[in-house]
Amino acid sequence: MDSSRSLKASLRGTRCAVIGVACALMVLEIQRMPVGHAVSFSMFAPVPYVFEAILIGTVGMALARGRRHGAALGAVRAVTAAVATVSTWLVMWGIGFDDAVMVQIRIAYRISTGLLVVLWGERLIGLGAWRAACVIAAGCLLSGVATLALAFVPQVVVDGFLGLLPVAAGAALVSFRPDRCPAAPSPALPVFTLATMRERVVAVGLVVLPLLCRATTISTQHSWMQLQQQAVASADIQAAIGAAIIIGGGVVGLILRFAWSRSFVLVFDLVVVPVTFMAFYTASLANDLWALHFLIVDSTYKIVLFYVLMTPFLFPPQKGGFVSSAPLYGSFAFLIAARALFSGLHAVLPASTYAAVAVVTVLAVFAVASVLALLYVHQHAGVMAVSADAPGRGAARVPMPVAGAPLRPAMEHLCAMVGDRFELTPRERDVLFLLAQNYRAPYIAEKLVVSQSTVKTHMRNLYGKLGVHSQAELLLLIDREAEGLSAREEDPASLR
């Protein structure tokens, strides 16, 4: 697969979204940018986080109950953008406020900037999983480059740029229309199966446990703040943060390239949980390892945000193929609530006690996440054969054929739908249909009366158009297509 060509096609027409996402990510972290103002641990007090988690979580619960708020979204985006702009300016440059007023300003800042990022995630759902992921990765890289550049420009430029960030993020959010972007392939992610209670526990656990683990690192923020008054200049800290964000964006790109499969969610647990231990270690030696500390903490935070923004695509669509944003709101609210919890514990517990609680939490998360990962792998061990084990799912009604199975009209119809969507050539459609039945290149060559090298050329072109890297991922794409077809059949209104 030509990755650069696929990425270019996926980002076509999304420049506004890439810039908007980059600005929103920077606004979310603007209160901890040392080139903008002196950073103190009071900025990470639990109260603003509590209000942020409650509001965003409430919206998520409403969406989970099936309440859609499409008609009011335009006003919500505009109001959020305005509040984020004003509160960001006050956080950066507001002086003379007493503590009570400053807490209220930070509450408004936390709610509006967090909601700004979530609304961007919701906006990107219309692009499909792959294209949304590409936009997030590009936005992360752009925000990292901009954050790094701020370390080397005059203060007047820094102030002007930071002041424009919320304006740009909000304006792009209000103006961006996914439906006006040029059509391009956007392969789906494999979704969780939720037919049984165990499957639901595995799905939710694999998403929220790394978020809980990440929340424990809020205590490490204070480890570097004294460096602002020591030999380490604010510009050096800013440069380290920017470099870390670039690394985070690069890791996201690698995930897109090599883990766009059932292993997608497992990478989340394998990256975040073990790296948390490293963050605790570097925080304890911040005077010597401050650069490494930033590289670890800030890069993993962007990876966490990427997975949070991708959660809508990990759960089965609702009737009519509608992808709910409830998992996005719920996971983001959980992340913020967990951060508020550990911020409060850090404030009231002795340092040694808090350290013990944090380490035990991370160890427990690692143990439970490992068990859930094994269960997840076991659940999907036979995904390439047939998906008929999950009652009520689309794949149960349109089973995945195995080698030697008779030709199925349902499978032929599914492959025709995929061929139409991705504009496959007639020969690529023939190869797709045979691959979907789990046949290999030698048999396909014999069946189509062509050479194996010709078949492999068609397979490379086919994988490139579909955005997959293997036959296993192609089968997962067909599986997802079957689920969407079944959902549309269950909702007659969606067929009108």
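Just so you know, glycine gets a Cβ as well, placed from its N, Cα and C.
All TrEMBL annotations are machine predictions without curation.
Feature annotations, courtesy of TrEMBL:
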- 417-482: domain 'HTH luxR-type' (DOMAIN)
- 12-31: transmembrane segment (TRANSMEM)
- 43-63: transmembrane segment (TRANSMEM)
- 75-95: transmembrane segment (TRANSMEM)
- 101-120: transmembrane segment (TRANSMEM)
- 132-152: transmembrane segment (TRANSMEM)
- 237-256: transmembrane segment (TRANSMEM)
- 263-283: transmembrane segment (TRANSMEM)
- 289-310: transmembrane segment (TRANSMEM)
- 322-342: transmembrane segment (TRANSMEM)
- 354-377: transmembrane segment (TRANSMEM)
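Counted over residue pairs 6 or more apart, the CB atoms of the transmembrane segment (263-283) and the transmembrane segment (354-377) come under 8 Å in at least three pairs, which marks the two as touching. Contact check: the transmembrane segment (101-120) against the transmembrane segment (354-377) gives fewer than three Cβ pairs closer than 8 Å, residues 6 or more apart, which falls short of the contact criterion. Counting residues of the domain 'HTH luxR-type' (417-482) by DSSP class, helix then strand then coil, yields 51 helix, 0 strand, 15 coil.
In the predicted model, residues of the domain 'HTH luxR-type' (417-482) average a pLDDT of 83. By the Cβ criterion (distance under 8 Å, sequence gap of 6 or more), the transmembrane segment (12-31) is not counted as touching the transmembrane segment (322-342), fewer than 3 such pairs being found.
Non-local neighbours of the transmembrane segment (132-152) in the same chain are 7, 10-11, 14, 17-26, 33, 35, 121, 124-125, 158, 161-162, 186, 235-236, 238-239, 241-250, 252-253, 256, 302, 305-306, 309-310, 313; each lies 6+ residues outside the stretch with a CB under 8 Å from one of its CB atoms.
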